[in-house]
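The structure appears right after this line, and notes come after that.
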């Protein structure tokens, strides 16, 4: 199974790149984790946010692999603690499909992305900065994998 993070935004600070890469390089060969970035729409004083969201959603869904399970990262999603996420990871592996996790831009996800999702995951009831979410998702999934693989990274 391959994990794909599809995220709005292409210019992340160095600390985001460093943190994200630190975790994704730890994943085993049979579970590669890749990042696909889509450009954020130009936002300004008179920007049509609905159209920007719509376009970002089109780009995100076009980046998702055919047949992939789509999981959105969204505040109203299900809050999974670490053991629950490990269980989700196991179920995704048993399903046999690749998984695409979608992170929206500053205004969130397009309705088309939410509609295409089979699941929605809430990292926190807090509004988190989108760059930070990339690192949190990578670490959380690595920790979940470590539980399923009996790797010593996660400690109770």
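Using the three backbone atoms N, Cα and C, a Cβ is placed for every residue, glycine included.
Of the residues proposed, 59, 61, 73, 85, the one Swiss-Prot records at the same S-adenosyl-L-methionine site as 104, 123, 124, 125, 126, 127, 128 is 73. The binding-site residues examined here are 73, 123; by Cβ neighbour count within 10 Å, the least packed of them is 123. The local packing around residue 125 (S-adenosyl-L-methionine binding site), expressed as other Cβ atoms within 10 Å of its Cβ over all shown chains, amounts to 8. Overall, the recorded S-adenosyl-L-methionine-binding residues 73, 104, 123, 124, 125, 126, 127, 128 cover a maximum inter-Cα distance of 16 Å.
Each of the binding-site residues 126, 128 was ranked by the number of other C-beta atoms within 10 Å, and first place falls to 128. Residue 73 (S-adenosyl-L-methionine binding site) carries a strand DSSP state (E or B). DSSP assigns residue 104 (S-adenosyl-L-methionine binding site) to coil, not to a helix or a strand.
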